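The next block holds one structure in the form of structure tokens; read it before the comments.
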Amino acid sequence: MVESSDIASRIWLIAGPTASGKSAYALDLAERIDGEIVNADSMQIYAGLRVLTAGPSQEETARAPHHLFQIVDPALGWSVGRWLEAATQALAEIQARGKPAIVVGGTGLYFRALTHGLADVPPVPETQREISSLLYAARGETEFREILKPLDPEAEARIESGDRQRLVRAHAVAITTGKSLTAWQTDTKPALAPGSWKGLVLDPPRAELYARCDARLAVMVEQGALDEVRALETRGLDPALPALKAVGYREFAAHLRGETSLDQALDAARQETRRYAKRQLTWFRNQTPDWERIVP
């Protein structure tokens, strides 16, 4: 539990899987310490998806200042680098006001960028990305990992099974620059100074977390998630856009096209939400072992 006496110069980083209660925890903390909240969820960045991404309501934003929520049009992309720039600016402004800052979300790469920095890796030519991707497709993950291992052994060991995108990127960076992605990252300074922040991970029991995931989807439908998906579908946006990869979007869009019943869409969305929560749990367990664990 966070003690009020421990807030003087700290930035609070509150992470956790979807439906773990981290947003409510952050809001409660913000009210207790008169703090301001900064979004660290890659989907809550996008406008028009507040319900589907469980973004803060008007009532919640009235209780404490919120930053970087629903600020990007879904037709646009958004990178870790752009978030880091916006987040560090927001944190500086909050601290200039003499307020504690609370960064909350479920996107592990955002937190890693804050605490470890974001490597200034030179651009990788599209041709090399394609070559690395084709090599992965031709050889399969197991053999591709053996190819990557001498180039970047740390990345090969760190990247989870099935994460094709990160494996391919590590290979392409090493081939293009002659320097491993891990080396680029190691040479990078963190955005937050050591000792200036405190990390917390909300870690509810697995069965309880899954039950929360299931219950929240039904509430989202009641609160207008289908209307949000319908509004974006009418825009004819590219399905590859990051915003349209929000958990539940694909399943509800299929229902709106008449391809599935609402019950089928909900069942599929529940399964995808559980898988997403499991991936998040694994990431935070592996990448933030020293952060304090909170059972909500």
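The backbone N, Cα and C atoms fix where each Cβ goes, glycine too.
These come from Swiss-Prot:
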BINDING   Gly16, Pro17, Thr18, Ala19, Ser20, Gly21, Lys22, Ser23  ATP binding site
BINDING   Thr18, Ala19, Ser20, Gly21, Lys22, Ser23  substrate binding site
REGION    41-44  region 'Interaction with substrate tRNA'
SITE      Thr107  site 'Interaction with substrate tRNA'
SITE      Arg129  site 'Interaction with substrate tRNA'
REGION    165-169  region 'Interaction with substrate tRNA'
| message | Take the mean position of the Cβ atoms of Gly16, Pro17, Thr18, Ala19, Ser20, Gly21, Lys22, Ser23, the recorded ATP site. Which other residues of that chain put their Cβ within 8 Å of it? | response | Gly106, Leu202, Pro204, Leu209, Arg212, Pro296
| field | Sparsest-packed among the recorded positions, when each Cβ's other Cβ atoms within 10 Å are tallied, from Lys22, Arg129 | value | Arg129
| message | Quick test of the contact rule: Cβ under 8 Å, at least six residues beyond the ends. What residues does that give for the region 'Interaction with substrate tRNA' (165-169)? | response | 124, 129, 132-133, 136, 141, 144-145, 148, 155-156, 159, 181
| What's the CA to CA span in angstrom from Gly16 (ATP binding site) over to Arg129 (site 'Interaction with substrate tRNA')? | 32
| note | Those same-chain residues, other than Thr18, Ala19, Ser20, Gly21, Lys22, Ser23, found with Cβ within 8 Å of the centroid of the substrate-site Cβ atoms are Gly16, Pro17, Ala24, Tyr25, Ala54, Gly106, Leu202, Arg212, Pro296
| task | Rounded to the nearest Å, what's the C-alpha distance separating Lys22 (ATP binding site) and Thr107 (site 'Interaction with substrate tRNA')? Just drop the number here, would you? | result | 12
